[in-house]
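Enquirer: Shown below is the structure under consideration.
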């Protein structure tokens, strides 16, 4: 099937860790998409029980031209499996298959598969290369790019992980056709995110094209993935290890992670939690006097049109705001117990700020179901 | 008690990851030894049930001057506990204690505590700083230096880990006084190692001072730790991530790791396995025509005088050599199923080589109990 692909590339500029995101159609079966991987070495495809039956055979076929041996493992599907136990299944497969230090891992799936495969690659024999082959919109526009890998801990999301950049990211837009509408909407949350933090013209474009995106129109998806990756590449290129700027990509995530952990991982999709979390973060920004009510309304309306929840979950019926605060205090941006929020500091510009507990409580009370 | 310390420093030159090893007496209680750690942040002391009761209180006292809050955790003692389960105890302590991204971890113990604390620091919130406070000779001369961190997998030693450099290494020679003789001998294996791979004059010195070292004479220990750290600093400074040269530090370890995994982690101390492993690696070097019998005898004699086993364990009564080969094929230096051994390529010089299975089998048959 190769030879019929069509793609554009976005470069992540990170010195000797630089790599390309290929975005286009027909890429899954295109040998050229995998040329960054060392030829001759072994490969392990990590996927899940949903994506594996759809695409693993095709990926294995194209990789068999490049690698001496192609192993496969299917993990259970869902955020609730982003754990040590699943990670150990990857290590068992690697050691059981005789995988050496030059083995290349391939993450074929969404954000959970990508995060776990990347973390396994970071740790196996203290580091082996890996390639991201994201099959969800969320993974194509956000999680597969930038080298953040992690698993969850019961007390906090993505608490255990590593920065480990892939050799390449292969975004085949064709695979999005099999994505359930709920997953597509979840991915749109991370697309929308880039507008208020960095590019209001992109937000205009998303508003004008939200229906086309939800209908999976190829040209609309191609632009959304490409522009999202460009913005992410720009941010990550300036601040790979989140010394500062990179934190803005977590807009909506501080509240969102509290929803995910508070409801139990997997109850809400990550993108759904980020959708409601962005509304809460926008509301907090308004409370801090940084944006006006019209801005919050505009963003809320778009999140709703994307098919996402715009109200946070009630995660504790006795003291909902207190439970949010408790969970947010272990956020990675927190320092000395002080939560630091990504806020919108005027349309198109994000900042990281502390906020008074009383105001945060008000926002939570106002924004939860 | 501070103000009475006496120490020398060895620098590990790694650009922005450079740090000092302080070697001397009275360092445990000396605030100056910990000045590389960020003041004001939280600290977590990770130790084990053997070392904790002896030294954790003293370390906590001196750290209380520097850190806002000092948490502690004691892990079970022994190589058999270098596992995910123990690692998770560290993460539980960190998250339960509200440890943020600026928290400093302190490894107070031997190689197992150091390797696990370092790996926890590498992964917690994708990386926090840590300090090594090694309390065994083995950790002071080898494992605490150079940033290799890991846990074991049932199928192979140190298979899951990271390169993560400490902020500082604090080698207080006084704490070696409480070291059991068996642990002291295990540490001498890693001291002896530096002679044949890099410095035959140091080997002469060890031979002349082996009784003083076993008697824990301060001047002898001070020199052994310092010279060992200098050689390791030189090697690690040239090849932090083991692209090549650094592998020579694994002399004796390929056979040794097979003994440890084959006997069950903890049955042999790591240094004991390395002792017998060096005899086997020297014998292999002889079989490859690289050194003569007198060299093997000399090294074997010194290993024996250090109180270490000079014969490998029988790890399988039916096919001992076959089991060694099977375990060694998952060694991190192996490539495509071919085992690569650190051999002595003439006294004072190491090389990494493959060897015919038949020869390796002969060596194992000749060298095992």
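Backbone N, Cα and C define each Cβ position, glycine as well.
So TrEMBL lists these for the protein:
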BINDING   A:77-82, A:111-115, A:135-136, A:148, A:157  NAD(+) binding site
BINDING   A:190, A:253, A:270  Zn(2+) binding site
DOMAIN    A:73-185  domain '3-dehydroquinate synthase N-terminal'
DOMAIN    A:187-334  domain '3-dehydroquinate synthase C-terminal'
Enquirer: I want to check the contact list for residue A:270 (Zn(2+) binding site): same chain, sequence separation of six or more, C-beta distance under 8 angstroms. What comes out?
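Expert: Listed in sequence order: A:79, A:111, A:138, A:186, A:256, A:260.
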Enquirer: When you tally the Cβ atoms that lie within 10 Å of each candidate's Cβ, which of the binding-site residues (A:79, A:190) has the highest tally?
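Expert: By the 10 Å Cβ neighbour count, A:190 comes out on top.
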Enquirer: I'd like to know which of the binding-site residues A:77, A:115 has the most other Cβ atoms within 10 Å of its Cβ.
Expert: A:115
Enquirer: Quick check for the class: what is the C-alpha distance, in angstrom and rounded, between residue A:157 (NAD(+) binding site) and residue A:190 (Zn(2+) binding site)?
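Expert: It is 17 Å, counting Cα to Cα.
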Enquirer: Measuring Cα to Cα, how many Å separate residue A:190 (Zn(2+) binding site) from residue A:136 (NAD(+) binding site)?
Expert: 12
Enquirer: Does residue A:113 (NAD(+) binding site) have same-chain partners at least 6 apart in sequence with Cβ under 8 Å from its own Cβ, and which are they?
Expert: A:46, A:47, A:48, A:51, A:75, A:107, A:139
Enquirer: Please list residues from the chain of residue A:136 (NAD(+) binding site) whose Cβ is under 8 angstroms from its Cβ, counting only those at least six apart in sequence.
Expert: A:109, A:110, A:111, A:176, A:179, A:183, A:186, A:187
Enquirer: How big is the gap, in Å, between the Cα of residue A:77 (NAD(+) binding site) and that of residue A:253 (Zn(2+) binding site), rounded to a whole number?
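Expert: Approximately 22 Å lies between the Cα of residue A:77 (NAD(+) binding site) and that of residue A:253 (Zn(2+) binding site).
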Enquirer: Take the mean position of the Cβ atoms of A:190, A:253, A:270, the recorded Zn(2+) site. Which other residues of that chain put their Cβ within 8 Å of it?
Expert: A:138, A:142, A:143, A:189, A:193, A:252, A:256, A:271, A:273, A:274, A:277
Enquirer: For residue A:157 (NAD(+) binding site), what is the secondary structure by DSSP, using just helix, strand and coil?
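Expert: Reduced to three states, the DSSP call for residue A:157 (NAD(+) binding site) is strand.
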Enquirer: Quick one: average pLDDT across the domain '3-dehydroquinate synthase N-terminal' (A:73-185), no decimals.
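Expert: Here the mean pLDDT over the domain '3-dehydroquinate synthase N-terminal' (A:73-185) amounts to 97.
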Enquirer: What does DSSP call residue A:77 (NAD(+) binding site) in the simple three-state scheme?
Expert: coil
Enquirer: By the count of other Cβ atoms within 10 Å, pick out the sparsest of the binding-site residues A:81, A:111, A:157, A:253.
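Expert: Among the binding-site residues A:81, A:111, A:157, A:253, the lowest count of other Cβ atoms within 10 Å belongs to A:81.
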Enquirer: Check residue A:270 (Zn(2+) binding site) against DSSP and tell me helix, strand or coil, would you?
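Expert: Its secondary structure by DSSP: helix.
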Enquirer: Under DSSP, is residue A:190 (Zn(2+) binding site) helix, strand or coil?
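Expert: SS state of residue A:190 (Zn(2+) binding site) = helix.
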